[in-house]
Amino acid sequence: MRLCDKDIERYLDEGIISLTPRPSNEKISGATIDVRLGNSFRVFREHSTPYIDLSGPREEMTAQLNRVMSDEILIADDEAFFLHPGELALATTLESVKLPANIVGWLDGRSSLARLGLMVHVTAHRIDPGWEGKIVLEFFNAGKLPLALRPNMAIGALSFEILSGYAEHPYNARKDAKYKNQQSAVFSRIDKDE
């Protein structure tokens, strides 16, 4: 069952779901709550790596990822990050999200931004039960013009769904949770897959 606006507000008030800083109740509508863009970004560097072998030796994959991904880029609140057509970048939400073991979250982009070519998640829009941390956004500009993205702008909307029970292995309790408590735009940790 998806939570409606009044239940989202109640779950936030009761601390069952936590968003920090908490968006105002005016950001709750129908079945979602708006989230804003944070200050942490990462991009692909100019590189000569011909490809990343996603099933190759871990050490080689780690070295390839380190060669192609930038260090964290911090954008001040009064500055803009420019995403050019055909580019992929990582960023975070301003809000840190904490979910209990019986609720899954879903991140959706905003229609107004999608109509300009901005995808806020390439495929990964599920927020696992037991998640705690900022949400990493996988931006892609499918449009024809560069887009100026500014910290604190409304970037997406979260909805929440109650599971049939409590997950036995919620995300942050798992030893193999690769993005546990993330607070910045962490790049792919596919090299940590078992």
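Every residue number used here counts from 1 along the chain in the order it is shown.
Cβ coordinates come from backbone N, Cα and C, glycine included.
Just so it is clear, the model here is predicted, and its values are computed rather than measured.
For reference, Swiss-Prot has these:
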- Glu138: active site, proton donor/acceptor (ACT_SITE)
- Arg110, Ser111, Ser112, Leu113, Ala114, Arg115, Asp128, Val136, Leu137, Glu138, Tyr171, Lys178, Gln182: dCTP binding site (BINDING)
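Features as recorded by Swiss-Prot, highlighted on the structure.
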| residue | record | Cβ within 10 Å |
| --- | --- | --- |
| Arg110 | dCTP binding site | 18 |
| Ser112 | dCTP binding site | 9 |
| Ala114 | dCTP binding site | 14 |
| Asp128 | dCTP binding site | 18 |
| Leu137 | dCTP binding site | 27 |
| Glu138 | active site, proton donor/acceptor | 17 |
Query raised in the report: Can you tell me how far the Cα of Asp128 (dCTP binding site) sits from the Cα of the residue listed as 'active site, proton donor/acceptor', in Å?
Result: 17
